[in-house]
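The active site, proton donor/acceptor feature in TrEMBL is assigned to HIS135. Marked as active site, proton donor by TrEMBL: LYS139. TrEMBL lists GLY10, ALA11, LYS12, GLY13, ARG14, ILE15, GLY78, THR79, THR80, ALA105, PRO106, ASN107, PHE108 with the feature NAD(+) binding site. Here TrEMBL flags HIS136, GLY145, THR146 as (S)-2,3,4,5-tetrahydrodipicolinate binding site. Annotation source TrEMBL lists domain 'Dihydrodipicolinate reductase N-terminal' at 5-108. Annotated domain 'Dihydrodipicolinate reductase C-terminal' per TrEMBL: 111-247, in sequence order.
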Amino acid sequence: MSKLRVAVLGAKGRIGSEAVRAVEAAEDMELVAALGRGDKLETMVEAGAEVAVELTDPESVMGNLDFCVRHGIHGVVGTTGWTDERLARLRGWLDAVPGTGALIAPNFSIGAVLTMRFARQAARFFESVEVIELHHPNKADAPSGTATRTAQLIAEAREQAGCAPQPDATSTALDGARGADVDGVPVHSVRLRGLLAHQEVLLGGEGETLTIRHDSTHHSSFMPGVLLGVRRVVSAPGLTLGLEHFLDLD
Ligand SMILES: NC(=O)C1=CN([C@@H]2O[C@H](COP(=O)(O)OP(=O)(O)OC[C@H]3O[C@@H](n4cnc5c(N)ncnc54)[C@H](O)[C@@H]3O)[C@@H](O)[C@H]2O)C=CC1
Ligand SMILES: O=C(O)C1=N[C@H](C(=O)O)C[C@H](O)C1
């Protein structure tokens, strides 16, 4: 069986270095390029990469994906900073190169994917819902990509179910006290030394609350999802948003 030829972009970063180790350890994959900032993307083409695992930063990701798609290299993308406009641009590039696929995974860990799924399921049954994400203080963006996606999924579910806007009688507040508003869902970001990646979804109704909490305590939590993405993206042309599409969830 021939091995999948994989490149990692952002190979010296916190998650990128873990991905390099995971790809090297996978029996069905060969790491053919491990690129850091300033390295030439052409190296991937010369090395015959079939899939690029993109783990850089929001400033770099679009240029890297543009290059990958133009060269028929599939993308498995964990980098954050996605907007509707960016997703539409990526879809356009993928449409122009039929057969090429890209997975955008706001979170590669199974627990985080399930948190998003459970939050979406629960959202319509409660009057109130807020998201708290907690990360290490070196994280560049806030809110996290996972929290943003979680809030979007909650908002979609509530809109489909015809839920009323959340009750909130706040009439005066310090800037930021009520968090960021993501499609009507308050999202609060904590940055704390000692943490890695954590999220709570708080749901409240009359006389009860439900808390869904997920903790990634090591970057290894993301690796089964990264490897699954690499294996599946080669036969999933176009844009796949969320690892859940590659998991057999109900
Ligand atoms: N989807 C997921 O499950 C996860 C996503 N992330 C996301 O991955 C991204 C990276 O996170 P960290 O590793 O913590 O950051 P980091 O800052 O430790 O690593 C990023 C690396 O990318 C490099 N880089 C920047 N531009 C580049 C370019 N054009 N080509 C090649 N390398 C380049 C940087 O020099 C750095 O070494 C962030 O957006 C983060 O939110 C992080 C963990 C899990
Ligand atoms: O920067 C991180 O660390 C993480 N980034 C992703 C995000 O923004 O959601 C995934 C995970 O939370 C870790």
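Any Cβ shown, glycine's included, is placed from N, Cα and C.
Here the CA atom of THR146 ((S)-2,3,4,5-tetrahydrodipicolinate binding site) lies 10 Å from the CA atom of PHE108 (NAD(+) binding site). Among the binding-site residues listed (LYS12, THR80, GLY145), THR80, GLY145 have a CB atom closer than 6 Å to some atom of ligand 2, in sequence order. Using GLY78 (NAD(+) binding site) as the reference Cα, a 10 A cut-off selects GLY145 from the recorded positions HIS135, HIS136, LYS139, GLY145. Secondary structure from DSSP puts GLY10 (NAD(+) binding site) in coil. The Cα of LYS12 (NAD(+) binding site) lies closest to that of LYS139, out of the recorded positions HIS135, HIS136, LYS139, GLY145, THR146. Only GLY10, GLY78, in sequence order, out of the recorded positions GLY10, GLY78, HIS135, HIS136, THR146 have a CB under 6 Å from ligand 1. Confidence for the domain 'Dihydrodipicolinate reductase N-terminal' (5-108), expressed as mean pLDDT, is 98. In this structure the C-alpha atoms belonging to THR80 (NAD(+) binding site) and GLY145 ((S)-2,3,4,5-tetrahydrodipicolinate binding site) are separated by 5 Å. Closest in space to GLY10 (NAD(+) binding site), of the recorded positions given as HIS135, HIS136, LYS139, GLY145, THR146, is LYS139, taking the CA atom of each residue. A distance of 17 Å separates the Cα atom of PRO106 (NAD(+) binding site) from that of HIS136 ((S)-2,3,4,5-tetrahydrodipicolinate binding site). A gap of 13 Å separates the Cα atoms of the residue listed as 'active site, proton donor/acceptor' and ARG14 (NAD(+) binding site).
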